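What Swiss-Prot says about this one:
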type     : residues                       : note
MOD_RES  : Thr2                           : N-acetylthreonine
REGION   : 339-363                        : region 'Disordered'
BINDING  : Asp720, Glu762, Asn766, Asp930 : Mg(2+) binding site
ACT_SITE : Cys1187                        : active site, nucleophile
ACT_SITE : His1319                        : active site
ACT_SITE : Glu1321                        : active site
Amino acid sequence: MTDYILPGPKALSQFRVDNLIKDINSYTNSTSVINELRSCYIHYVNGIAQNLSEQDTKLLEVLLTYDSALDIANDPLARQLNDAVANNLPSSALGEDTYLIRVVPRSGTISPWSSKATNIAHVCGLQDKVQRIERGLALLIKTVPGFPLLENLNDISLKCVYDRMTQQLYLTEPPNTMSIFTHEEPKPLVHVPLTPKDTKQSPKDILSKANTELGLALDSGEMEYLIHAFVETMKRDPTDVELFMFAQVNSEHCRHKIFNADWTIDGIKQQFTLFQMIRNTHKLNPEYTISAYSDNAAVLDSENDAFFFAPNSTTKEWTSTKERIPLLIKVETHNHPTAVSPFPGAATGSGGEIRDEGATGRGSKTKCGLSGFSVSDLLIPGNEQPWELNIGKPYHIASALDIMIEAPLGSAAFNNEFGRPCINGYFRTLTTKVLNHQGKEEIRGFHKPIMIAGGFGTVRPQFALKNTPITPGSCLIVLGGQSMLIGLGGGAASSVASGEGSADLDFASVQRGNPEMERRCQQVIDACVALGNNNPIQSIHDVGAGGLSNALPELVHDNDLGAKFDIRKVLSLEPGMSPMEIWCNESQERYVLGVSPQDLSIFEEICKRERAPFAVVGHATAEQKLIVEDPLLKTTPIDLEMPILFGKPPKMSRETITEALNLPEANLSEIPSLQDAIQRVLNLPSVGSKSFLITIGDRSVTGLIDRDQFVGPWQVPVADVGVTGTSLGETIISTGEAMAMGEKPVNALISASASAKLSVAESLLNIFAADVKSLNHIKLSANWMSPASHQGEGSKLYEAVQALGLDLCPALGVAIPVGKDSMSMKMKWDDKEVTAPLSLNITAFAPVFNTSKTWTPLLNRNTDDSVLVLVDLSAKQETKSLGASALLQVYNQVGNKSPTVYDNAILKGFLESLIQLHQQKEDIVLAYHDRSDGGLLITLLEMAFASRCGLEINIDGGDLESQLTNLFNEELGAVFQISAKNLSKFEKILNENGVAKEYISIVGKPSFQSQEIKIINSTTNDVIYANSRSELEQTWSKTSYEMQKLRDNPKTAEEEFASITDDRDPGLQYALTYNPADDMKIGLELSSQRPKVAILREQGVNGQMEMAWCFQQAGFNSVDVTMTDLLEGRFHLDDFIGLAACGGFSYGDVLGAGAGWAKSVLYHEGVRSQFSKFFNERQDTFAFGACNGCQFLSRLKDIIPGCENWPSFERNVSEQYEARVCMVQISQEKDNSSEESVFLNGMAGSKLPIAVAHGEGKATFSKSAEQLEKFEKDGLCCIRYVDNYGNVTERFPFNPNGSTNGIAGIKSPNGRVLAMMPHPERVCRLEANSWYPEGKYEEWGGYGPWIRLFRSARRWVG
């Protein structure tokens, strides 16, 4: 067996290199220690044969050629790095002041990258030649003369270079390749001797020591319970596996002990537990809830008739089955892992919540997501704000700035790669000093951050409940990724205050994500569910906190069974793990299932087709006993009666007292001017633009997103609600679902009940921007974050839960069927601590009648006499409360009087009014935006920003304090744009629902002739403030811009920021050279005969559903074809007239975006011949590729005739994944090339918006300038990015990737192949377009203009 070392491409772009130099310099307390840095990947190849043949070596080199090569011809340092890597030289061989640092996967492990790269190599014919391929990173660093770099590096300074959980660092010598590929011997089983011979130590002393060393977080009662079970009942010592499993299964994180505790407050025993009060909401309003509190997510009856659109299990033809599809809802938090390791912590937070939505009932599926973050003050270097506090942090916990740079990327990356659109969220910062009731200073803030991940999904009605029992003998299966020693003890670690435990235990508790694996698992679940009555899944759970130690026992416990397991059947990437580590690690992307032995072969076939790993690890038993055997070590790690594990350790009792903070009233005399207040408030992150958090996340995948965060022709992120269409199917469906968030944690410093009520009310005011069916249809998820053990916080928690469970929610008729709690929201280190306020995050979910009736803050320009109307639900209050407002926060105040819901009936009447306003035939409401963070002024400004217009804002006169109160109070309310002629109708509907005229007032009007914002004293008509829309919007966008500049390429951040000032920018537009209405007739004409199109996907592809639907709507028969189908002969391309390569992340973009997929075609003889014949020999075929499919086709250019000068698609100039709506033009070249295209016939010259979502879309011509020239001369570019003026552009963000000459789509000379980076298939439903002109829904029949592309192909076929 021979090992090879091959230098790879550049690992870091110049922008990333500059950032890394800056980071390492800062950690070494210098600005100029490092002069230069070069980077590359290293490929380690473990050969099977003694020596690879020359042909095999060349193939291997081709496979491992991707991204940008080192410039060894012109750069001496790059050449030195390449030679040192190729020859495996130590750092000392490079000369003085030059260091070579290598990072490789941790010894004895197999990385996810390795699994995918090895898989590609095997598909390409190297299965008998190459055992495994691994990848490392090499950094060549040149310092100033004489600086001892290695002496100044430590774990903290190197965290920007490697992940010590999964990787190893080599600072001087190169790693021995044997250590990379050699597996360690399994570690032994450990017994904890609770009955030692040394009688000086009691069993409790010994268990207490193990409790600390293992990070079990057991309380005294639980330790007594375990001692009784093992010492007194079983009369034996427990194993470390049994103790660790018990700790995870019974942790606060998993069992919610505080919410089930008995409470005594101020000496009075309380009548209800917290959970009982939450359940009360469901008890009083159970309508439309199918499942609550009993599964991984709550299941709702949406009452929306829809289609189950999926491939037929036999023919693989995409078919529509008409059925009502229940909605499932879930919101999770991943706070502790995000504090420790922000990127993987947030990534696995989203991944875990996605699995919850996939493991509901007997198999389900996520549909769309949300994410949110609360952190302490950002302290952006060079952009520190006057109210921000810098109080330090524990050394091993990430700063707020690092969290907000890395964590959103982690969450977005997982969602993107899995294929889940993220269309809602929030972002808040807080660090403030307050005095407790004794006058002692406390720091309140989010050093322990909140990372929230949630969303909703769907489940077929027959599988909504876990009502098919697992029976004795059922196969117990682990589906998904192989286990590794990561995420150990996450359930227990997240149940204690951060910073209290050991840094090593904290770090060990963070999982790592592999979204492409989770996508494969979801495909398995989808295929099982598509079998209908033959679904082999009896029951399913996701593997989360506690790993298999929680999931597998829970699976059988649900069915009152026991189980017997073989621990060595658990698939592992790390054979050296001990039994405890195998059983308890929290490796991600895993599900546990029960499958009948008779159905095992069906399940196995599905997994094989999807390349999803699985193992039968045990069987259910009638005896309620949990036995885990280890045949390798010949031990029994677990032998427990199920009641011991799931029995009843002593029920928790909580005693607390009511203690209010000592808060002074608001002091507005400290505020120098209205201008200063506006400037500061616009810079507060909770108020300002969240664009930097949104553009990194795909918001168009599935083709069902009818309202995302960005609004209008100028794409400003101000939407109140996220909305999806119900389903794809035979026809356009107008129904849908909505979700919206509400959270008011700062108010909890003043009043817990007010904070809770405001959070619910805010979520409702947001969700009612959508055409919600009724209040009873709305269901809430409540996520409670509390430092429950902090003095006075227990009573606040009880007060808040009581306010919702026994008061507001019953009064409104809304239920809370799902939720989560995190009860350790405190960070401690040294002699410092930062305590979070009680934070209730409410997410409202509801079915929607008509998604096209969703209101947005975009002001309607087609009316001359509209006014802006405020409905102020606090109108009867003599004074407005400024407590906990953004205004006070930016002047380091909290205040002592909070807004609240003063009258439940008025709020309910207002919400009923919104339902009726939506139902009016005439659009009475032209625009809508609720009043929230920042108050009335921010509500109005956001409407102006979205609309690129001016405003005249009228407020009552008075002094500065009066002006500040009117403009910045955050009392409940909303602003409506109403035409003057409809004002009386609007008022009448509100009055009839109990909202009297005193609640309604005109506060201004829009000005579409100017972009000046004026605030006018309505008493004197004096202008008391004036500024331009562009300057105010830039101030509002400043935090987002600064974060984007730190995280992404600063040049593109600056270009986008500058574009805000272009007052003449006309925005998105539809300048079409064809009439989309004609396509309705074409669709009917072509639907009788349906030629077959292969909807082609490789592992990791996620955009097949919307692609299949578009071809179906165009008159084709769409067939689900995987690469394994072609490799194994289940399908042949001869069977199809068309081929559509779908978007996603094939092989997780390992070996380059689309490259692994393409190489599996080019270097597999049988498959290559199929594709070659399809492109070259047949004249009746066409091929289309979008995004990843475009990258795939572009790399097949050698077998597509005339396409040798096609570009490749490389990393975006922004160095970031970009999800945007961009304008493109269908090229109208001198040779009329677009008219030759099978797809673009009749569209030439059209300019229109399209969805974009990719990280590697820059068209790059690597051979020479002549390649680009020849490409353009041959007319092979058929789609180009244009700016809003219609000019071809390379400017960001109008060109989202920096593509040369604006290249967005390319075609073959014969017009039969089209490859494009944007996504037409995602916007063929008109509502899936973020914006379209008024009146087009009826005119175009619900279809978007891009449906023409697919119907043109159908006409070409004839």
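Note that Cβ sites are derived from N, Cα and C of the backbone, with glycine treated the same way.
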Beyond the site residues Asp720, Glu762, Asn766, Asp930: chain residues whose C-beta lies within 8 Å of the centroid, for Mg(2+): Val721, Ala740, Gly742, Ser763, Leu764, Leu765, Ile767, Phe768, Ala769, His929, Ser932, Ala974
Asp930 (Mg(2+) binding site), number of other Cβ atoms within 10 Å: 24
Glu762 (Mg(2+) binding site) versus His1319 (active site) - Cα distance in angstrom: 34
Thr2 (N-acetylthreonine) and Asp720 (Mg(2+) binding site), distance between Cα atoms, whole Å: 60
Residue distribution over DSSP helix, strand and coil in the region 'Disordered' (339-363): 19 helix, 0 strand, 6 coil
Thr2 (N-acetylthreonine) versus recorded positions Glu762, Asn766, Glu1321 - nearest by Cα: Glu1321
Distance [Cα-Cα, Å, rounded] between the residue listed as 'active site, nucleophile' and Asn766 (Mg(2+) binding site): 33
By Cα-Cα distance, the member of binding-site residues Glu762, Asn766, Asp930 nearest Glu1321 (active site): Asn766
Entry from the recorded positions list Asn766, Cys1187 having the most other CB atoms no farther than 10 A: Cys1187
Cβ packing number for Thr2 (N-acetylthreonine), 10 Å threshold: 12
In three-state DSSP terms, the structure that Asp720 (Mg(2+) binding site) belongs to: coil
Residues satisfying Cβ distance under 8 Å from Glu762 (Mg(2+) binding site), sequence separation of at least 6: Met741, Gly742, Glu743, Lys744, Ile842, Asp930, Ser932, Leu972
Around the Cβ of His1319 (active site), the count of other Cβ atoms that are within 10 Å: 29
Local Cβ density at Glu1321 (active site) - other Cβ atoms counted within 10 Å: 30
